[in-house]
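Annotated features, as they stand in TrEMBL:
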| type | residues | note |
| --- | --- | --- |
| BINDING | K128, Q191, G223, D254, K397 | UTP binding site |
| BINDING | H224 | substrate binding site |
Amino acid sequence: RHLTLIAPISRSGHKAGMAEFQEKLRLQHETSMHKELEKLLTTAKGAEQEISKKDFEGFKNLFHRFLQVKGPSVKWDKIHKPPEDLIHPYDKIKAQGLPDSVAASLNKLVVVKLNGGLGTSMGCKGPKSVISVRNENTFLDLTVHQIEHLNKTFNVDVPLVLMNSFNTDEDTKKILQKYTHHRVHIHTFNQSRYPRINKESLLPVAKDLGMHGDHADAWYPPGHGDIYASFYNSGLLDQLIAAGKEYIFVSNIDNLGATVDLFILNHLMTQPKDKRCEFIMEVTDKTRADVKGGTLIQYDDKLRLLEIAQVPKAHVDEFKSVTKFKIFNTNNLWISLAAIKRLHEKNTMDMEIIVNPKTLDGGLNVIQLETAVGAAIKAFDNALGVNVPRSRFLPVKTSSDLLLVMSNLYSLDAGSLTMSKKREFPSTPHVKLGSSFTKVHDFLTRFESIPDMLELDHLTVSGDVTFGKNVSLKGTVIIIANHGDRIDIPAGAVLENKIVSGNLRILDH
């Protein structure tokens, strides 16, 4: 028998060996990915190949950074509350008033709506922006009415730009024909199209650039942080700068509170020349319903957006605390066009990567790499937060949200929803509708008319429940139909601080 002596490896030697191994592995993954992308490009011709080439450049950059990431992107002990002079209160901005003419400022503005999402979560086909939300008006209708009203009132030309995705582009362009005679110039550009990555092999799922049949779920639009690259690549950014435009106001198309605010615009335009603000993020006070929303922090002497995905697990509860992090990002953003051009050309946006795991219909586990538009705030000069009223954050993500905006809590004026003066409290009621209401079609069939909700604080509805005409809901109302039961709330019923359960076809009230 022979004894073989093995010299012990020092800890530093072990670390160096591991680092070298990991670097080789990273290079291997990167080389394999690049080869696969080249293969995919050979399946395309002409314009499609050119577009895909630009998209793939962005994807390669993201994938390279993804492979480099080691651990959380923030060190918790370096996080500080933003200085007060960087979060401006809306009331103070409003108190400054407006100049005699706001036309000059408006003529430098472009409204951009993020229009890449489908209505699938609400049981609808096609772009989410074409769901009817108020008096037969869709999200898109309301947006066009708002901007047309601005253009007519102040005799200006504020264009509307829609950032579509490959999911929404074709349908949206057909719908836009109906606005031909409206006083608003509408432009569109497409988000990039990135390949989904097999979680095990870290290679693209797609076998060619096709989008149909088996290949439909091989691609994804990479989050709204892609706006900077795709806006630039479309040529529209340069076109708008050449036309004298200076700022864009960006928001989600399903946020009905995100209208052009003249006071914020004026505040932006009147910043000192040597401290010209390139980015404003509208934030609003957190409630317990917003604990997962991204917040603004001070980090390395810069304003920075902190998302829950970036928070180390040990600090998630602290992040959700309403006392430590009091504000959250509404995703209403005011951004300098010239700054977007400069930062994109220098490749210095550096947005944190969001790794979004998905399981495809066949059971394959994939990841998609995304970025968020607000995460670029740290790259812009003299960025500010503005703490706005909650009314500027009115997203419609579910049928519960839809019930609120369709009700008499709001009045509609020139495409803008405003809280009714008859409502005694500034906050909206807390509404929770069960799974029988998830799809818009089912939701609409369960209400003969939308109830009076002016005095409502809280509504929970679960199970097979329908509402007759002219129902009035006040205080706290809980309606629960157990499995197999049904509850019909009759026409004209007034429910005030009531719990209704069981199987009721005629309610005793």
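Even glycines carry a Cβ here, placed using N, Cα and C.
What TrEMBL annotates, mapped onto the structure for a quick look.
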residue: K128; record: UTP binding site; CB count, 10 Å: 24
residue: Q191; record: UTP binding site; CB count, 10 Å: 27
residue: G223; record: UTP binding site; CB count, 10 Å: 23
residue: H224; record: substrate binding site; CB count, 10 Å: 23
residue: D254; record: UTP binding site; CB count, 10 Å: 22
residue: K397; record: UTP binding site; CB count, 10 Å: 14
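H224 (substrate binding site) and K397 (UTP binding site) are 16 Å apart (CA-CA, integer value). Q191 (UTP binding site) sits 8 Å from the residue listed as 'substrate binding site', taking the C-alpha atoms as the reference points. Rounded to a whole value, the Cα-Cα separation of the residue listed as 'substrate binding site' and D254 (UTP binding site) is 14 Å. Here UTP is bound by K128, Q191, G223, D254, K397 per the record. The longest Cα to Cα distance in that group is 21 Å.
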